[in-house]
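Quick look at what TrEMBL lists:
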- 12-38: transmembrane segment (TRANSMEM)
- 44-64: transmembrane segment (TRANSMEM)
- 85-104: transmembrane segment (TRANSMEM)
- 110-135: transmembrane segment (TRANSMEM)
- 147-169: transmembrane segment (TRANSMEM)
- 181-202: transmembrane segment (TRANSMEM)
Amino acid sequence: IVGEIANFAAYAYAPAILVTPLGALSIIFSAVLAHFILEENLHIFGVLGCVLCVVGSTTIVLHAPQERNIHSVKEVWQLATEPGFIVYACIVVILAAVLMFRYVPRYGQTHMVVYIGICSLMGSLTVMSVKALGIGLKLTFSGMNQFIYFQTWFFTVVVAVCCLLQINYLNKALDTFNTAVVSPVYYVMFTSLTILASMIMFKSEDLRSENNIKH
């Protein structure tokens, strides 16, 4: 809980592309603790996978583009209602619904990707909403109340719903499959989709190109 609170706060001050990959540390701790405490086997390929997660995260962090400055929740709302992100959000919701209602009953107990896919898809929307809510809280505490806007409450509801879905299906995945395998796969899928969502919504890559042109 303390870790997630700190993670939530980080999204208010740093780009999602930078914060999310740093979650690789949790993969290492989860895999090691599962090996020693839960007595789950961590084979050489599991170790290699964890190492690759760390290397990939380090590479992303070192080359993370800058993100535009956000001065209000309304600005985040404008970004979230642009055609590109609306299309992405609709695709995510449709895919998650198909996985939940069609594939979970059939393949949930045999294919780990079904549960993790739902968590990762909804997680990408969660991070974008957490980013907006974090910015709203930061500005509110600085004296500019953002909770007078309906957009702030909308993002709050999205965070609550997406988090509940993630917790539900992640618990099912951890209950059914090996923790040492679930954690790295979930991390990779979640991070990839979050980076994609962040690029679409906050246009970090475009901003980096603009800064390079200016320099």
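Here the Cβ of each residue, glycine as well, is placed from N, Cα and C on the backbone.
Because TrEMBL annotations are produced automatically, they should be read as predictions rather than curated entries.
Not measured: the values here are computed from a predicted model.
In summary, the transmembrane segment (85-104) lies against the transmembrane segment (181-202): three or more C-beta pairs, each 6 or more positions apart in sequence, are under 8 Å. Below 8 A, the CB atoms of the transmembrane segment (12-38) and the transmembrane segment (181-202) form 3+ pairs separated by six or more positions in the chain.
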